[in-house]
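As given in TrEMBL:
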- 166-180: compositional bias 'Basic and acidic residues' (COMPBIAS)
- 166-216: region 'Disordered' (REGION)
- 59-78: transmembrane segment (TRANSMEM)
- 90-112: transmembrane segment (TRANSMEM)
- 132-151: transmembrane segment (TRANSMEM)
- 248-271: transmembrane segment (TRANSMEM)
- 277-300: transmembrane segment (TRANSMEM)
- 312-332: transmembrane segment (TRANSMEM)
- 344-363: transmembrane segment (TRANSMEM)
- 384-405: transmembrane segment (TRANSMEM)
Amino acid sequence: MTAAAAASQLLVKYASDISTIFIRDVITNTTATDSDDSTASIDACSSDNDYDGRMGARISAIFVILVAGTFGALFPVVSSSVPRLHIPPIIFFMAKYFGSGVIVATSLIHLLQPANENLTDECLGEGWSVYPYAYGIALGSLFGTFFVELISRRYLEKRGIEHTHGDTGFEAHGHSHDHTVPGTSNDIEASPSHVHTHDNNTDPSQDDTEEKIGSGLDSSRYKETQYYDGYTDSDAESAKERNLAMQLGSIFILEFGIIFHSVFIGLSLAVSGSEFTSLYIVLVFHQMFEGLGLGTRIAVAPWPERKKWLPWALGIAYGFTTPIAIAIGLGVRESYPPGSSRALITNGIFDAISAGILLYVGLVELVGNEFMHNDEVRKGSTKMVIFAYFCMMAGAGLMALLGRWA
């Protein structure tokens, strides 16, 4: 056995011992609290719920939240793909940055704080209060999300879908994602010294571009005519596939984090008590704003013709998640205790995981990418940048305000 192998085995042994001691400490603290009380701590958690009737209103919540959530998620998709609507580009621009703020606020106010509250509930025992588990889980989720994206990027690069180097003479610049807004001139913007098109029209006017894209045509169609010095048709196709693959990865990660959260809030609404009315109203806006944040990400992706159905499917999947959870909650209203130890731990862990995912996607993929790497903002006027910033702050502020009630 080599020294390196021996050291590796020793490291694994120490890590295993530390993990065992840590888990045993948590269990010991919890059971110690149980033995001190005549009633076990784990049984001190609520074994029922606050359901107080009003079945008609609860059933209506299924359909109202379905409409609100689906509208929020599909409005950007519809506005960017249906020419006859003639949605002004400024509306999509505002929705895009508003949605970015919503995602960041959701991660901190609507996920991380409730996760910490659930995992530090007194009824769970001292074992859950000796460490900020919610923040630790969110931290691990954040870096896990980054790791998945990092490995995915390297995998695509090795398959030749990521940036092309060497003989092609092409050097990638800027961020690898492209989140330009349909309806802005930057949809076909690139470095003037490197770009030329088949029709030799190297300098299309901004007004002409806005007219074309404002008519509802997919901006990705214009991207297909862009070429770089030394670039071939196959290289351009590879770059387009890379762009799509990376954006799809970000979208699926974002939807994954949001859907987990939506399931638990649907269950909670179904069995809530006196706070049902206020929670009902708040969740309507909550789901609509959150759907808007997701929908704008879906809409700006350069979907190929064979996958044009996927944006609609993703939006509908989001819209149906919470209503289905409400229906399930009503079905088990006599037996589902949201304050039980199992529910608190499960809800807290998944909320913390979702918080880490949304925090990473919100700050890195949305805010960081849009303001630091997107030519639409980077090369835009100061007035436009400030306007985008305040749209983002409005989304974050309104979503944070909703956290007062839900």
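One-based numbering along the chain as shown.
Backbone N, Cα and C atoms are what each Cβ position is placed from, and that goes for glycine too.
Remote same-chain residues near the transmembrane segment (248-271) are listed as 49-51, 58, 61, 65, 69, 103, 106, 110-111, 145, 148-149, 152, 177, 279-280, 283, 286-287, 290, 294, 297-298, 301, 314, 317-318, 321-330, 333, 336, 338, 347, 350-351, 353-354, 357-358, 361, 365, 406 (criterion: CB distance under 8 Å, separation of at least six residues from the stretch ends). Among the stretches 90-112, 132-151, 312-332, the one making the largest number of Cβ pairs under 8 Å with the transmembrane segment (384-405) is 90-112. Below 8 A, the CB atoms of the transmembrane segment (59-78) and the transmembrane segment (312-332) form 3+ pairs separated by six or more positions in the chain.
Counted over residue pairs separated by six or more positions, the transmembrane segment (132-151) shares at least 3 Cβ pairs under 8 angstroms with the transmembrane segment (344-363), which defines the two as touching. Outside the transmembrane segment (90-112) by six or more residues, the chain places 75-76, 79-80, 134-135, 138, 179, 181-184, 254, 258, 261, 286, 289-290, 292-297, 299-300, 351-352, 354-359, 361-363, 366-367, 370, 388-389, 391-400, 402-403, 406 with a CB less than 8 A from a CB of the stretch.
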